[in-house]
Each structure stands twice: as C-alpha cells, then as structure tokens.
C-alpha cells in the first residue's frame with residue numbers, strides 16, 4: 001500500500017493544528033502510522049482505495065474537515081486559460097485518452113517537491129496499473145510555447161533529450177537505453193507509432209507513458225506547471241483531478257486547457273462535484289447509528305462532502321471531483337461512520353454462539369496452493385472480470401455463453417471469466433521484463449452457466465517449454481488430489497493441434513492442458529513457448 005511521508009512542520013502549517021492532535025486523530029481516518037521519536041516526519045499508510053490521500057496536501061485537506069477546521073466541500077475554481085491541446089487522430093489506436101491542466105503561482109519547497117513526486121508515482125501504481133492505464137507528466141510551462149499537440153509518430157523520426165540525460169535520443173533508443181524506457185517499454189509492445197506531446201516549436205514535452213523531456217524539468221524556481229495525464233481508461237480524468245487539487249491546496253491557481261480532438265472540444269479539468277442522495281434509514285441500518293438527517297449531513301461535511309438535509313430521511317451529497325473511490329452510497333455511508341467515530345458504537349453481545357470451521361473447498365484450495373508451490377510455481381491472482389477480446393478472441397476460442405456486466409465502467413471489464421488460463425497469459429504479457437523461466441498458477445472462481453466453480457490453472461514460459469513438462473505437472477496434480485481422469489486429444493483452439501489434451505471424468509470435461517498455440521502467444525505479445533493447464537476443482 002502507498003506510504004505517504006508527512007513532515008510535521010509542513011503538515012502543521014497546512015492543517016492549522018498541533019502535531020499531537022494530528023497524530024491522535026489520523027488513525028481514526030483509517031491511517032496506519034509508523035513514526036520515530038527522533039524524526040521530523042511520520043510515514044502514514046492508507047488503504048489503496050483513497051488515492052486522494054496519497055499526498056501531504058490530500059491528507060491535510062482531509063484532516064481540516066475531520067477536525068472541524070474547514071468542513072464541507074472544497075471549492076476549486078477553474079479559471080479561463082489560453083492554452084490549447086490539439087489531440088491528433090493518430091493517438092486513438094495507441095493511447096487515446098488525455099486530460100490536461102495548467103497550475104500557476106506555485107512556490108516549491110523540499111517537502112512540496114517530495115510530496116508531488118511521491119503522489120505522481122503512487123497514482124501510477126494505484127490508478128494507473130504501473131502506467132499502463134494512467135501516466136502523469138508534470139512540466140515547467142515557462143520553457144515551452146503552446147498550443148501543444150498530442151500525436152503518435154514513428155519511433156525513429158524525432159530526437160529529444162529525455163529527463164536525466166544530456167544526449168538527444170530517438171524514442172526507440174530511449175526504450176533500449178534509458179532506465180525508464182527499459183522499465184516501461186512493454187506497454188508499447190506491438191505498436192508501430194508511439195505517443196508524443198510537442199509544443200508549437202516542435203519541442204518535446206513528453207513521451208508518455210515512459211519519460212518527460214529534460215527541457216520541461218521542474219526546478220526549485222518553477223512557478224507555473226503544465227500537467228498532462230494520458231492513458232487507456234477514463235480514470236485518467238480522476239488522476240488529473242487529484243493532482244491539480246493537491247497543487248491548489250499549495251496555493252496554485254488552476255487554469256483550464258482547451259482540448260481539441262477531431263470529434264469534440266472540451267475544457268480540462270472538470271472539477272464539478274457529483275451529486276448523490278443518501279437516506280438516514282439506510283445509513284442507520286447499515287452502521288447501527290441513530291442519526292437524524294442533519295446529524296448525518298454534519299458527519300459528511302467533516303469528511304469534505306457538500307451535504308444538506310432535504311427532509312427527515314434524505315441528505316443531498318456533493319462528492320468532490322478528487323474522490324475517485326465513491327462508487328456506491330455505501331462508500332459515502334462508510335465515511336459518515338468514520339466521521340461519527342467507530343469508538344461511539346456500543347458493543348453488543350451476539351445473541352447466538354456458533355463455532356466456525358473451514359469450508360471443505362477452502363481446505364482443498366489450501367492443499368492445492370501448497371502442492372503448486374512445492375512444484376516450483378508462483379501464485380498470482382488474475383482479475384475475475386475480463387473482456388471478450390482477451391478471454392475468447394486472443395485465446396482462439398469461440399465466444400460461448402458468459403455472464404456479462406450490465407453497466408461496465410471500462411471496456412476492459414465486461415464479462416465474468418469462464419476460465420483462469422487467459423488471465424495467466426495476460427500476466428505473462430505484463431512480466432516480459434522479468435527473467436525466464438516463469439512458472440505461475442492461480443486458484444480462483446469462474447462462472448459457467450450461471451454457476452460459480454473453482455478452477456486451478458498454471459502456465460510455464462521459457463525456451464524449452466513443451467508438452468512433456470505440462471503433462472508431468474498435470475500427472476502430479478491428479479495423483480496428489482486422487483483424481484482419476486481419462487486423457488483424450490483436445491480440439492481446444494488455445495493449444496497446438498495434436499499437442500493439447502482434455503481431462504475427462506464420467507464423460508464430462510474437467511480440464512485441459514498442452515502447448516499454447518503460437519497465434520495465442522503472439523496475440524499476448526510473448527516471444528517464447530508457453531505451456532498451460534486448467535482443472536476444475538469443484539467436482
């Protein structure tokens with residue numbers, strides 16, 4: 001989980017409260033504090049679901065409300081600016097989503113610079129899936145000339161000096177020689193053109209999601225910033241809102257950027273709050289309190305929501321634009337509970353006494369995990385939600401019946417998986433920068449014909465991966481689990497014909513294994529042979 005370093009003097013100045021009070025109240029907001037009596041700072045750990053608390057500015061803002069110093073909705077004005085960002089059609093197939101902002105009038109201190117850099121990297125991890133979904137660029141705007149352009153170009157066409165280097169390089173050279181290029185080049189695998197942000201004089205600001213240009217490096221005397229956030233998911237806009245509002249907490253003046261794409265124009269950022277309605281009956285039932293509508297509204301104002309009671313049972317809630325975690329009324333109610341204080345909940349003895357024991361399926365899962373670790377495999381946890389392209393098309397499998405998400409918030413998560421193997425292939429594709437061999441396994445739920453089942457899946461990738469290896473693995477698993485299944489040739493498109501097998505038990509297919517088809521390997525951007533298996537455990 002992200003660890004935020006908070007310097008006492010800096011935090012006291014931003015919050016307007018004493019060090020002792022801050023340390024006392026922080027844990028009640030859900031923070032885990034690690035401190036040294038002799039240090040001039042504390043390290044605070046928050047759950048990953050609150051990316052707005054990944055910075056000293058965000059923590060100070062939340063504390064001001066929690067302590068009653070500045071309750072209610074923070075107001076951030078987006079002033080009219082003169083900067084334009086022109087989004088070229090060429091980026092649509094590479095990294096199509098971008099949001100921008102200008103923040104002026106900043107005065108950097110060492111704690112401020114450290115906080116901004118930490119926030120940027122933590123958002124890359126927490127919201128950005130290590131820059132795949134979101135990458136953030138922060139630039140000294142005084143060194144470039146708008147309007148800016150967001151384009152995709154041949155990686156050998158243009159040269160510029162990347163951050164922390166003193167020589168000009170092409171994008172391809174950066175991916176081969178720059179430490180950041182080596183670390184993130186896998187994100188651009190398979191693309192013929194790479195994204196760039198350039199100014200009116202063709203100076204390069206950024207090569208997202210890899211590296212900024214040295215030209216726009218933020219220095220101690222920098223006062224005006226240009227922020228770009230690019231990615232493949234609308235969470236880009238949430239990340240932008242978190243960054244610009246954190247800068248505004250340091251006294252920055254936010255200016256909008258006119259975004260011009262081939263099909264629309266808009267002003268970025270959009271900091272308008274979302275509007276929700278919460279009922280006291282639902283809140284009191286959920287958390288065991290007995291709050292009136294006005295008391296509930298007051299609790300929410302201390303959590304930096306805008307809140308007013310509409311009637312005896314309803315509260316209108318304005319959710320600030322930097323709160324990327326609010327997806328349900330229960331998220332708002334949880335904040336009300338924190339504000340009221342869990343310590344104010346009265347303890348009640350349970351009316352019944354029961355003695356728990358592990359579910360047989362959980363015991364089987366633990367047995368399987370121990371077995372796979374003993375066989376030299378590393379456990380991973382692919383997402384249960386996936387999409388048709390990864391699950392069927394890239395696996396060379398026909399799209400069968402599956403459970404679909406009714407209102408997906410991302411095109412990456414539209415169905416519930418019916419198999420675990422595609423998720424393992426996806427994880428292999430994300431880990432090509434690690435050494436081979438890689439042997440991974442996962443134990444998890446799938447949904448088939450409306451029923452939840454548990455599957456084991458495993459993959460192995462290296463230059464010598466072959467049928468004998470995966471066949472030996474399956475034999476060991478079957479022997480240890482005392483399963484007697486018939487092995488027959490498989491017609492599964494995920495495997496090479498003649499090198500794939502199905503496991504049959506009482507006439508039903510309970511698993512499969514074999515050498516992954518080269519087309520599947522290529523679809524996931526892999527370059528070495530892969531073998532895989534899948535077995536139903538809920539027999």
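Placed from the backbone N, Cα and C atoms, the Cβ positions cover glycine too.
According to Swiss-Prot, the protein has these features:
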type    : residues           : note
DOMAIN  : 271-347            : domain 'B5'
BINDING : 325, 331, 334, 335 : Mg(2+) binding site
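The least crowded of the binding-site residues 325, 331, 334, 335, judged by other CB atoms within 10 A of its own CB, is 331. Other residues of the chain with a Cβ within 8 Å of the Cβ centroid of 325, 331, 334, 335, the Mg(2+) site, are 49, 323, 326, 330, 332, 333. According to its DSSP assignment, residue 325 (Mg(2+) binding site) is coil. The DSSP secondary structure for residue 334 (Mg(2+) binding site) is helix.
Within the domain 'B5' (271-347), the DSSP-based counts of helix, strand and coil residues read 33 helix, 16 strand, 28 coil.
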